[in-house]
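A short write-up of the structure that comes next.
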Amino acid sequence: MTLQWTVVAFFLYAEIGLNLILCIPFISAKRWRLVFNWRIWKLLSPYWNKCFFTMILVLIVLLLDAVREVDKYSRPEPLQDAKANPSVYDHVHMKLFRAQRNLYISGFSLFLWLIMRRIFSLLNQIAVTLEDNTSLQTQMDSAVRAAQKFQEDNQLLERALLDEEKAMTISNQQLKTEVEKLKKQVKAADEAVRKSNAEVEAMKKQAKGLAQEYDRLLTEHHQLQLQKGRFALSHVIVGLLQFHPAGSKMADSQFIHGGIKPR
């Protein structure tokens with residue numbers, strides 16, 4: 001085996017070992033992410049893509065060379081020459097075996113190189129996803145706790161509102177009862193006012209009647225007083241005339257014209 005194919009074979013063995021290590025189940029993606037975040041990988045990260053594509057080109061060139069060698073020793077011309085000479089026949093088959101071996105080595109190296117790159121990216125994505133899930137889980141837990149707290153606050157507010165509604169209902173009932181009582185009292189007061197107004201009107205009418213009766217009686221009393229004075233005066237004049245007979249006729253005429261009759 002030449003030097004280049006020896007290097008490719010060791011590279012294939014290294015790829016197989018590294019892929020097996022990456023597929024170990026008890027090493028989590030978070031730990032691989034910690035390994036990928038080492039400082040040395042950050043220093044090599046600017047050259048990683050160049051190295052990756054360069055290695056792909058090298059492996060593709062080796063694969064094409066191996067394909068060419070396989071095609072070369074698989075043609076019928078070398079086999080016809082080998083039939084004439086048995087030693088050449090063994091040499092041709094040995095060359096064909098080496099070409100096929102190199103083809104498998106380069107092909108699997110290229111395949112595992114692509115697979116290893118994909119495994120690295122998947123492990124990194126899984127670690128990022130796990131971190132995001134952890135942060136999302138933390139946020140979800142905090143949101144659930146906040147929702148529970150809000151729910152408890154809402155329940156407390158609902159209870160407070162129910163208590164306030166009950167208190168308002170009781171106070172409204174009390175106010176309605178007081179309003180009914182006040183209405184009854186106002187109605188009774190109105191009836192009392194109407195009764196008092198009626199009594200006042202009756203008393204006014206009675207007072208007016210009494211005043212009229214008083215005026216009538218006062219007038220009659222005055223007339224009676226006048227009549228009494230006239231009678232007294234007539235008695236005095238009659239007594240005087242008894243002592244003066246000459247004036248009796250004059251007195252009688254005065255009594256008659258004055259509306260007073262002599263005894």
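Including glycine, each Cβ sits where the backbone N, Cα and C put it.
Here is what TrEMBL says about this protein:
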DOMAIN    1-133  domain 'BAP29/BAP31 transmembrane'
TRANSMEM  7-27  transmembrane segment
TRANSMEM  47-67  transmembrane segment
TRANSMEM  103-120  transmembrane segment
COILED    140-227  coiled coil
DOMAIN    177-228  domain 'Bap31/Bap29 cytoplasmic coiled-coil'
Going along the chain, which residues at least six beyond the ends of the transmembrane segment (7-27) come within the CB cut-off of under 8 Å? 1, 59, 62, 102, 105-106, 108-109, 112-113, 115-116, 119-120, 123
Spatial neighbours of the transmembrane segment (103-120) far in sequence, C-beta under 8 Å, 6+ residues away: 5, 8-9, 11-12, 15-16, 18-19, 22-23, 36, 52, 55-56, 59-60, 62-63, 65-67, 69-70
For the domain 'Bap31/Bap29 cytoplasmic coiled-coil' (177-228), jot down how many residues DSSP puts in helix, in strand and in coil. 52 helix, 0 strand, 0 coil
